[in-house]
Amino acid sequence: MSQPPWRCFSLLIFVLTIFSTKPSSASTSCSSSFHCPPFNSSPPYPFSASPGCGHPNFQIQCSSSRATITIKNLTFSILHYSSISSSLTLSPITNTNRNTNNCSSLRFSSSPNRFIDLTGSPFRVSDSSCSRLSLLRPCSPFTLPNCSRCPWDCKLLKNPGRILHGCESTHGSLSEQGCQGDLLGFLQDFFTRFGFEVEWDESQDPYFIKCRDCQIKNGVCGFNSTHPNQDFICFHKSRSELVTQRDNNKRVNHIAVLSLIFALTCLLLVFSVAVAIFRSRRASFLSSINEEDPAALFLRHHRSAALLPPVFTFEELESATNKFDPKRKIGDGGFGSVYLGQLSDGQLLAVKFLHHHHGATAAATEHCKAFSMKSFCNEILILSSINHPNLVKLHGYCSDPRGLLLVHDYVTNGTLADHLHGRGPKMTWRVRLDIALQTALAMEYLHFDIVPPVVHRDITSSNIFVEKDMKIKVGDFGLSRLLVFSETTVNSATSSDYVCTGPQGTPGYLDPDYHRSFRLTEKSDVYSYGVVLMELITGMKAVDQRREKRDMALADLVVSKIQMGLLDQVIDPLLALDGDDVAAVSDGFGVAAVAELAFRCVATDKDDRPDAKEIVQELRRIRSHTRVADDDVAKN
């Protein structure tokens with residue numbers, strides 16, 4: 001009779017345990033393995049449950065269910081850890097014994113009894129968590145029972161975003177009724193079930209910098225837990241330990257051979273059981289591929305399913321684009337190709353297929369996949385929460401192992417770049433001025449009407465889509481970023497409000513100050529918009545290698561001509577050939593006024609640049625004077 005499989009594996013573990021040695025030094029103590037959910041194995045650096053190990057601000061306590069971490073005297077349960085994005089999903093552990101008799105009607109006992117402020121710690125609340133809170137509809141406290149006895153709960157009901165320091169609600173008005181149950185239920189789920197995401201920046205923390213050097217030297221990272229400064233310590237193994245380790249490695253090799261023989265014997269005895277387990281696991285894996293899709297899990301974690309756009313299957317979009325027929329390709333960029341798709345109901349839509357990055361190394365491929373996934377999810381989260389006539393609308397998405405796809409409005413008349421630099425018909429000055437104003441209105445909406453504000457980061461003539469009636473829509477939000485500031489600066493509109501992030505964008509449009517300082521603000525979009533204005537004036541490309549080196553960037557060329565009083569040398573000659581545009585070219589409120597505005601937009605010091613509201617006001621003033629001038633020319 002064969003031995004039960006559990007006895008074979010128990011005996012194997014017993015043999016390995018006999019020959020194993022117990023580490024005794026501080027370094028081996030810090031590197032010892034132990035189980036600590038939700039980490040798949042031992043918590044990696046910077047986390048540690050041992051005093052003096054890891055990072056002093058990332059000390060955790062392990063339990064059988066979930067690890068906990070204390071940040072600024074608040075204890076949180078760790079629901080999820082992502083090594084790719086350096087983020088944690090936390091749920092606050094509240095005092096279940098606190099007195100809630102006076103607030104029983106509010107049913108708010110499982111939420112924090114004060115706002116969560118991470119200022120002064122390495123952590124910051126992620127953009128996506130702030131975005132989820134900002135969509136909540138506030139309640140009026142005057143319609144709630146016991147509001148005078150529960151001032152904190154009432155403050156939250158007036159502004160739910162207050163519970164996370166730095167997040168605010170996008171809804172300014174208070175609802176008189178019908179919101180309490182929805183709001184409290186959402187907050188209960190937000191903290192107890194889903195949690196909120198926090199991030200940290202390893203590049204700015206000296207502990208991480210020193211730890212990388214320590215690990216290169218085969219050291220173990222820790223700190224002096226007995227000193228107030230908690231100085232970094234790199235634990236190095238002594239010579240005797242290294243010799244012992246080499247001996248142990250030899251012994252482990254022998255043990256491995258014996259163990260392998262023993263394990264094979266057990267596997268032969270329980271072969272039928274192993275086959276059954278394999279078939280069961282394979283069937284379970286195949287049935288759960290779609291359920292475990294990382295993009296779908298990420299989106300459901302950061303946004304309610306009711307707020308997300310519809311989901312298409314890969315087969316639906318493959319059929320709509322005739323298997324991604326090259327003849328249906330209507331655009332191609334750095335992040336993906338765009339195809340014309342026709343759904344079963346006859347609706348025409350644009351299907352954006354993100355690139356696969358074939359032919360790259362394994363490491364580069366994984367990096368590109370992570371970046372594409374982040375860009376994909378980022379565009380879905382932002383576009384699903386905005387609504388403006390001059391911004392493209394997201395109709396749905398598809399996350400499939402075969403590809404990531406986004407379904408947008410199909411704009412039939414190409415891009416602004418097509419009209420200015422190639423395939424499109426000639427554009428009059430009045431049309432160009434209207435396009436400039438519509439683009440500015442879209443930028444104003446992103447910067448001032450959304451909380452937290454959105455920086456597009458890629459406003460270019462290729463991302464401005466033109467409809468048949470010459471109305472425009474700004475698209476491609478893959479690089480967009482939410483600006484989440486602290487409570488002291490959230491109501492400010494100065495350029496000192498910024499987030500630190502790696503420069504991304506299109507050459508020729510990228511803000512040089514952002515490129516140098518890594519500080520992203522709304523004024524970075526203003527710079528890109530200024531380059532688009534220069535394209536409208538000159539008809540030239542933002543970057544043209546056929547021009548002289550000093551004039552290769554359009555911004556440099558136009559700025560130098562304006563400073564020398566030679567603007568007329570770079571004005572699009574097609575404007576001067578059109579009789580209707582003569583007044584605009586010669587009048588001070590026409591092309592010259594827009595050129596002056598573009599000059600201000602690309603100012604070296606971002607404090608000298610106008611904001612989106614100022615740009616809209618100035619363009620409206622210019623347009624009104626231009627129309628008066630056109631009418632005078634028509635009368636004569």
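Note: Cβ is positioned from N, Cα and C throughout, glycine not excepted.
If you look up Swiss-Prot, you'll see ASP458 marked as active site, proton acceptor. Look at Swiss-Prot and you will find 324-628 tagged as domain 'Protein kinase', backed by sequence analysis. Residues annotated as N-linked glycosylation site in Swiss-Prot: ASN73, ASN102, ASN146, ASN224. The signal peptide feature in Swiss-Prot is assigned to 1-26; the stated evidence is sequence analysis.
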- Note on the structure: Within 10 A of the CB of ASN73 (N-linked glycosylation site), the number of other CB atoms across every chain shown is 5
- Just checking, which of ASN224, ASP458 (recorded positions) has the fewest C-beta atoms within 10 Å of its C-beta? ASN224
- Take the C-alpha atoms of ASN73 (N-linked glycosylation site) and ASN224 (N-linked glycosylation site) and report the distance between them in angstrom, rounded. 21
- Calculate the per-residue pLDDT averaged over the domain 'Protein kinase' (324-628) and state the result as an integer. 85
- Message: I need the CA-to-CA distance for ASN224 (N-linked glycosylation site) versus the residue listed as 'active site, proton acceptor', whole Å please.
- Response: 46
